[in-house]
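In what follows, a structure is listed as structure tokens, so that the remarks can point back to it.
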Amino acid sequence: MSTSSTTASNQSTDSLTLSVSACQSPYDTPLTSHPHSPKSTTKDYFPADPTGQTPVNNVCFVGAGFVGGPTAALVAYHNPQIIVNVVDLSEEKVAAWNSRHLPIHENGLPKIVRIARDGTNPSIIDLAALGTVSIPKRAPNLIFSTRVTESIAEADIVFICVNTPTKLYGVGAGATADLSILESATSMIAKYAKDGAIIVEKSTVPCGTANMIRDILEFHRPGAHFEILNNPEFLAEGCAVENLMHPDRILIGSSTTPSGTKAAETLKGVYAAWVPASRILTVNTWSSELTKLVANAMLAQRISSINAVSALCEELGADVEELSLGLGSDSRLGRRFLHAGVGFGGSCFEKDILNLSYMARSLHLDEVADYWMGVLDINKYQRQRFGRKVVRALNGSLRGKKIAILGFAFKENTNDTRNSVAVHLIAELAAEMPAEISVFDPGCSVAGIEEEIRKMGLSDIQLQRIKVREHWRETVDKASAVCILTQWNQFRYPSATAGVKTKAKAVPQTQRVGASDNVGWFFKNKLSEMDIIELEEFVTRDRNDAGEDPLNRFMPESECPLECADCRAKQVGMKEGETVDWAEVATLMREPRWVFDGRSMVDGSQLEKLGFRVRGVGKGLTS
Ligand SMILES: NC(=O)c1ccc[n+]([C@@H]2O[C@H](COP(=O)([O-])OP(=O)(O)OC[C@H]3O[C@@H](n4cnc5c(N)ncnc54)[C@H](O)[C@@H]3O)[C@@H](O)[C@H]2O)c1
Ligand SMILES: O=c1ccn([C@@H]2O[C@H](COP(=O)(O)OP(=O)(O)O[C@H]3O[C@H](CO)[C@@H](O)[C@H](O)[C@H]3O)[C@@H](O)[C@H]2O)c(=O)[nH]1
């Protein structure tokens with residue numbers, strides 16, 4: 001079937017693919033909502049609100065970070081009738097959201113942002129013998145700005161997406177959440193939000209924070225009415241778009257009063273534009289706040305469990321990957337989050353477990369607190385065990401030696417470096433005073449890595465010996481050892497057959513778009529963005545390279561300044577589809593060419609044939 005369209009575009013934007021992948025779960029399990037828990041103290045709950053939802057024309061996301069930006073983009077993308085303002089105090093971040101180079105690297109996000117932020121051209125798609133489909137133009141409805149107070153004032157719903165890091169001072173230092181940023185954002189919302197606005201906690205918070213928000217609002221605006229909802233975010237970085245596009249569930253916690261329930265219904269209406277109703281769960285606020293913390297704690301617990309087992313495997317000569325396979329095949333256990341490695345990193349797991357444990361301890365539930373702290377203890381043990389393995393293999397001293405670090409992001413497919421395992425391991429190795437620690441990550445900017453390293457509290461002399469590189473080749477050059485710390489596909493050996501960037505995939509043979517060419521629905525009056533995605537998949541399914549904009553809808557993008565650091569990084573860094581050439585690495589490294597594989601990225605026995613000595617996690621000795 002031949003297809004063509006009336007407008008042309010050659011803009012470069014990551015392709016968006018929506019088929020089921022490792023990141024997302026198919027909609028396979030029926031779910032039910034439980035509007036109030038047995039412990040709910042509110043008495044006036046009505047199961048269904050007879051007046052329905054309040055109309056939503058304008059929403060505001062406060063905080064354009066890893067959660068606020070992508071979530072707002074998805075809400076705007078699927079609700080073209082709603083104006084979505086995303087505000088942040090950082091002018092630099094807002095400028096990046098309005099540029100070609102978004103501050104957050106997520107597959108598929110540039111395309112979604114571009115469509116919602118810039119609007120689209122009208123397009124006519126020629127489906128050959130089937131006829132033509134008209135896609136009308138789309139007006140922009142996603143606005144990134146620093147107009148914080150004005151945008152809050154216009155909103156029917158305000159989403160709080162600010163950071164809630166671990167508190168580093170005073171009572172609860174190193175354990176509880178620092179809510180000062182959230183408190184300050186809430187004060188601003190209290191002053192400027194319109195009476196009747198719905199305030200949504202999206203940030204991850206200790207239980208009871210909805211009550212704190214309510215108190216702040218009542219203090220600043222006595223007499224005004226605001227409903228507070230908790231709507232935790234479950235996206236994982238690196239697959240944020242897929243997670244947001246096909247969430248396992250949307251959880252909405254509300255007070256169980258009629259107006260609380262109505263507010264929950266209103267928020268449900270926003271998600272219902274693309275999420276099946278059966279996936280939207282409404283619970284009470286306490287349950288919702290606690291579910292978020294426990295979800296992260298349980299995911300992290302699985303990783304610590306398999307990591308603890310990996311130490312046993314090394315001693316016994318078992319292979320932890322074989323264990324993961326055997327364990328994960330039990331449908332009660334499942335395959336995911338059983339990947340042993342050098343430990344979990346990131347801005348969420350550790351922070352949220354500390355938070356959960358602190359809460360338990362402050363309720364005098366010490367055994368509960370200790371139980372969850374054990375997950376963090378194993379994580380630290382795993383990291384330190386790896387570091388010690390490196391030093392031991394290099395005869396107990398790193399002096400005069402160069403160590404190469406491949407991977408600095410806390411996980412693959414993201415540029416987020418917060419609380420990355422690499423940060424901790426580099427600090428540990430730096431204490432051994434090696435001649436150089438050379439760092440490379442294919443998804444992070446040099447400046448971003450350097451900034452994170454500067455926060456590590458190392459001495460000047462240690463900092464001088466850490467070099468951040470733009471390419472793997474200079475990173476491994478003359479190194480005695482390479483440590484693989486992030487699960488980037490580019491590091492695999494044998495190299496992954498799939499490219500790094502996900503291409504538009506052939507559409508599955510669904511009932512709607514099947515071999516029978518049953519595509520009548522394309523010709524209906526109003527196509528949703530989900531419909532347009534399917535149309536795009538349909539017209540590209542026979543093409544090898546469909547390009548970024550097969551329906552030719554994109555508006556032109558603003559040009560980058562001449563000295564654009566992101567454009568430069570693209571030129572000098574790893575090219576799309578490029579992988580580490582391990583045979584060349586062997587020629588560049590110093591004997592005995594150690595590879596410490598913290599993420600099971602290389603086949604040890606095959607790499608040893610190239611002249612390396614390899615140590616993995618959870619495997620009996622291979623050399
Ligand atoms: N990162 C994730 O994958 C993830 C996933 C689920 C939940 N969460 C939770 O979501 C929350 C946000 O996390 P994040 O990773 O997006 O943080 P982030 O640091 O990336 O983003 C927070 C943003 O809020 C902005 N901000 C702070 N105060 C503000 C104010 N008064 N007005 C406007 N903007 C303000 C900051 O400048 C920053 O850009 C945290 O509670 C986190 O635990 C994060
Ligand atoms: O089997 C595994 C899975 C993950 N990891 C590591 O665990 C960390 C976290 O990974 P992941 O959970 O995929 O990413 P996050 O973005 O931290 O997402 C977690 O934290 C978010 C913030 O709260 C939640 O929204 C998500 O549901 C939750 O998965 C990373 O260092 C991974 O390398 C492993 O070591 N082994």
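Positions of Cβ are set from backbone N, Cα and C atoms, glycine also.
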Given TrEMBL lists F234, L235, A236, E237, F337, L338, H339, A340, G341, G345, K411 for substrate, the same-site residue among K292, K455, K467: K292
Recorded NAD(+) site member, picked from T54, T204, T282, T285, that accompanies D88, K93, T164, E237, K351, R418 in TrEMBL: T204
Nearest of the recorded positions (K292, L338, A340, C348) to E237 (NAD(+) binding site) - Cα to Cα: C348
Minimum Cα separation from T204 (NAD(+) binding site), reported as the residue among binding-site residues F234, A236, K292, L338 that achieves it: K292
Shortest C-alpha distance to F234 (substrate binding site) - which of the recorded positions D88, K93, T164, C348, R418: C348
A236 (substrate binding site) to R418 (NAD(+) binding site) - Cα separation in whole Å: 14
Sparsest-packed among the binding-site residues, when each Cβ's other Cβ atoms within 10 Å are tallied, from K93, K351, R418: R418
Top Cα neighbour of G345 (substrate binding site) in the set of binding-site residues D88, K93, K351: K351
Close-lying binding-site residues around ligand 2 among T164, F234, A236, K292, G345, where CB distance stays under 6 Å: F234, A236, G345
For A236 (substrate binding site), the number of other Cβ atoms found within 10 Å of its own Cβ: 17
Coarse DSSP state, helix versus strand versus coil, of K93 (NAD(+) binding site): helix
